[in-house]
Amino acid sequence: MEFSELIRTGRAQAELLRGPGAPPLRGTLCVTGHHLLLSPGPQATSDLWLLLLRSVDSIEKRVAGDSGTITLRCKDLRVLQLDIEGVEATLDIARSIEALSSLESVITSFPFFYRPKGLRLGDAWHFHPPEHHYKRVARETNAWRLSEVNEDFSVCPSYPRAVIVPRAVDDDALARSARFRQGGRFPVLSYHHAPSGTVLLRSSQPLTGPQKRRCAEDEELLRAVLAGARPGARGFIVDTRSAQAAKQARMTGGGTEAKAAYPGWKRLHRPMERGRPLQESFVRLVEACGDLEQSMDRWLSRLEGCRWLAHVKEALSTACLAAQGMEREGACILVHGAEGTDSTLLVTSLAQLILDPLSRTMTGFQELVEREWIQAGHPFQLRCAHSAFSHARPKHEAPTFLLFLDCVWQLGRQFPLSLEFGEGLLLALFEHAYASPFGTFLCNSEKERCLCEVRTRTHSLWSGLNQPKEQRKLRNPLYVLNPLAIWPSVEPQSLRLWQGLFLRWTRPPEPSEAAWEKVWQIVTDKEKTEGSQPTVSASEPQP
Amino acid sequence: MLPGPLDFSDTISSMASAPTSKYNSHSLENESIKRTSRDGVNWDLSEAVPRLPGETRVADKEVIYICPFNGPIKGRVYITNYRLYLRSLETLSSHWHFEADACVFQDSALILDVPLGVISRIEKMGGATSRGENSYGLDITCKDMRNLRFALKQEGHSRRDMFEILTRHAFPLAHSLPIFAFLNEEKFNVDGWLVYNPVEEYRRQGLPNHHWRITFINKCYELCDTYPSLLVVPYRASDEDLRRVATFRSRNRIPVLSWIHPENKTVIVRCSQPLVGMSGKRNKDDEKYLDVIRETNRQISKLTIYDARPNVNAVANKATGGGYESDDAYHNAELFFLDIHNIHVMRESLKKVKDIVYPNVEESHWLSSLESTHWLEHIKLVLTGAIQVADKVSSGKSSVLVHCSDGWDRTAQLTSLAMLMLDSFYRSIEGFEILVQKEWISFGHKFASRIGHGDKNHADADRSPIFLQFIDCVWQMSKQFPTAFEFNEQFLITILDHLYSCRFGTFLYNCESARERQKVTERTVSLWSLINSNKDKFKNPFYTKEINRVLYPVASMRHLELWVNYYIRWNPRIKQQQPNPVEQRYLELLALRDEYIKRLEELQLANSAKLSDPSTSPSSPSQMMPHVQTHF
């Protein structure tokens, strides 16, 4: 196998320091094609320690005397230190890790080799097809149809095969509208809000350009949206850029919907940070959280200076805006920024969580992530190529998805009973989005996933997560169905640093885990006591 | 909520929605009604004003309440000898018509229910020449992080009357009137005054034993008038020794035992500063006394002295006759300063917190504004100090002596927090009540001076939120250890509310001797009666009883938070917009848990009957400690 060329050394003796709380491990260190292994000596009883090389974000080596130290900063924000015997061995191992962790080829990545016990290939890949979502919409309204205009990904390379569009618009018109939108992302249905009979749409920016071009089919499409909604419905276009940025985009061929061309639609600008500033904010925050030297009396202003919580606030308030437009104003909402693959998805997915109780269930949320992020063409491979530790200048990296998870965590904190899943699921999604043995977050679009045969040759994360043994970590034991919209408070003092993620490896995790375990116990004890005749063996004493 | 939706309504002029905050404030006010009615308050149905037994109506008046969140609202204010109660005459429902289906708040009058005890200052605003709308009236500053403004008509004497009535009843001390607690005729089915019995509490700790005895030297408060009558001191120190030590300690507050470790027998001892003075006086008896304390646990280690103050302050205290234990005089002791600031710094810090949260929250630079108040930094220092005390004792390395200047503010914070970390008993509802009763109330934290019960002198330099700071630290701990405390946030908030309310006698007066003179336990009701007769409301459903687990909270700024649900609770914007029935779900869980435990006990009982094993009752630390019976 080609990996062997990249592996400089077979093995070395090493000691692994895993940060506070975890005891150091000693043993034989070994680099394989996808993993770093540490097998403890024969006298030790503990298991093999295993690290997916893909999850290494940055590596730092230091040699002194006849030994060396490698510091691995992982994409899940863990920092590991390896003390290795032998200078050569240290350098070789460091070089091997460097080379193997930055391989770009998708089809040689670990998910294509990962064959866990108890899971079958192809399981769960059929869980959330567009047809599924369409069925729900069709039960609620007749105004929409499932179009396969993009069956071969030629109309829009970043859209899935099938999308939901107004029934009144035919495929030819869609194709023409696609030519008028950046990357072919013509307006499609994201969510139908049955209680108010309104819809949430997303797209990319229209290519009006400096000449202020128009496209009859695109205009017709949005007209058809209003006609299909409740009578008299108006529309709001939530542009996630500032008015000025939208105007400037005309110079490079983009732009925004002209008022006159789209009667019934009104534009609102809600500038949201994206791309590099967002990535930099993430890097600064992780730096601040990991900086143990830092004099603590400046912590709060440093946290503020990172601006991460400001981004959380922006995202949640824009989502509230969209959700409120639908719920309280009975208006249809179209969300887009420029490409329509980042902040757009952030807003549409959060708005659904606020409004739709189904999306707050375990399956509903997985479906939401699958539909609004993965199938909707959020470029995971580009955005999550590196996490916060990489020294390389960020190219396309941006923690948009992490920002989404953080916002969901804030919702969960403010509504502790309303989400069926807990912090555990959000942490798992963060980890897997950046480095995973599963294929779910591979590639940038359905088209690429199709080319790489991801669906047939890798396992789905959803089948991994939905195994019974994982449930206790992922579910919220307090959950009760809340049929109402959940309006979060976005005041700065209502938003918190997500300690469970950003301080995960520096704080003693025990109390919160103990608490979680306790809650589970109480909830499941209920079932136990409600169960059949009590037996003495069932009486686990309270710790 | 919520700039998002608010901005939305700005943008779309046709939007019918009023700022959603009204909904919230409203729910908040309704909450308070529900709460009081649950507390067994009688309702005067004709007026719809709640009244406690012993509470009498004094006056009522039509006013305009200038609500910082909803704007001016016309209402009627009712003043009794206990509270100020406002009910708006307009309803707020019109703002909420589009919420009709989700709205559970049918009757939407705005209600304010404020015990007069929380009032710290009443000012007249506007004069005879005031022109602006609602610019003439009263401005009331409260001790619980809010202000109230009422606009009144300029004609007649309506403002003068209301000002006088309020002043009279909010500050009864200045008018030779009794504090309401002495008029309160509430009856509860449990008597909170029985919660704390010092002999029982010391016995629970395994005291007296071979090294520690209980002394009645202070029976009539003749040794130290701010200490309790019952003290635990080293067995080897005679009463004569104690008297001599007292001469060398500020206000005679000699070192006495607060807590003893059940296994390693190290102790936490509290006192005031030694009277070293500029000349560096020494006192052989005091030096010997500390050495006796050191020797009570047979480990050959030094005695650790934690001086809660910053080093410079301790030095400065020499100028006024105080000081700290020098290395020269106390060979077998090690002294550390904990850098906790004095009552004046804490008061100013809390004032700054109020400035940034009331009425409007400083939004644009929230975190750096919060930082500039230094409140969390003070919390961090107090917690860090307590952690050090707890760790020293728990690791068994040495006994600990804690003092500040007088030993009734920072010292109480440190000993009580360290005890909370060390002894799981204090993490139960009754255990916590005992802790407060013991380390704070009986040891003379000057509640009357720090809070200013019934006193009009709002600028008194003796006032300081030391006890609030302690409760905040407890809250921070309960956040970090969600299963370790039997009580919930509501319990802590209720304690703070009645710290000011003057409805109960619990926090009145500065020390035990004064309380005894006033016969407080006979003439007033205890706060613990209210709480213990309705415990479920204050229980944490996730509580897991763990014996002998020491809690070490993380006292890093990264892990401390502002207690939003207390400090910013009047601001409706911090609430989510929609009923979030957490409390109800928690109560359900609590019921489940109780049911489970009951089932478990039945099983164990059945099981132990078979095995004839008698030890099924829940063990308390006292049962785990060897009992040493010494007669006293």
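Placed from the backbone N, Cα and C atoms, the Cβ positions cover glycine too.
A C-beta separation below 8 Å, combined with a sequence spacing of at least six in one chain, links B:C404 (active site, phosphocysteine intermediate) to B:S272, B:Q273, B:D307, B:A308, B:R309, B:I340, B:R410, B:T411. In the three-state DSSP scheme, B:C404 (active site, phosphocysteine intermediate) falls into the coil class. For B:C404, the entry in TrEMBL reads active site, phosphocysteine intermediate.
According to DSSP, B:N342 (substrate binding site) sits in a coil region rather than a helix or strand. Neighbour count (other Cβ atoms within 10 Å of the Cβ, all protein chains): 17 for B:N342 (substrate binding site). Look at TrEMBL and you will find B:N342, B:I343, B:C404, B:S405, B:D406, B:G407, B:W408, B:D409, B:R410 tagged as substrate binding site.
Annotation source TrEMBL lists compositional bias 'Polar residues' at B:10-20.
For B:612-622, the entry in TrEMBL reads compositional bias 'Low complexity'.
If you look up TrEMBL, you'll see B:192-567 marked as domain 'Myotubularin phosphatase'.
Taken from TrEMBL, the feature domain 'Tyrosine specific protein phosphatases' applies to B:373-435.
Under the heading region 'Disordered', TrEMBL lists B:1-20 (among others).
Annotated region 'Disordered' per TrEMBL: B:608-632 (among others), in sequence order.
Those same-chain residues not listed among B:N342, B:I343, B:C404, B:S405, B:D406, B:G407, B:W408, B:D409, B:R410 yet with C-beta within 8 angstroms of the centroid of the substrate site C-beta atoms are B:A308, B:T411.
Shown in sequence order, B:T226, B:R253, B:S272, B:F443, B:G444, B:H445, B:K446 are the residues of the chain, 6+ apart in sequence, with a C-beta less than 8 angstroms from the C-beta of B:W408 (substrate binding site).
Cβ packing within 10 Å was compared across the binding-site residues B:D406, B:R410, and the lowest neighbour count falls to B:D406. Residues belonging to the domain 'Myotubularin phosphatase' (B:192-567) score a mean pLDDT of 95 in the model. Under the three-state DSSP scheme, B:R410 (substrate binding site) falls in the helix class.
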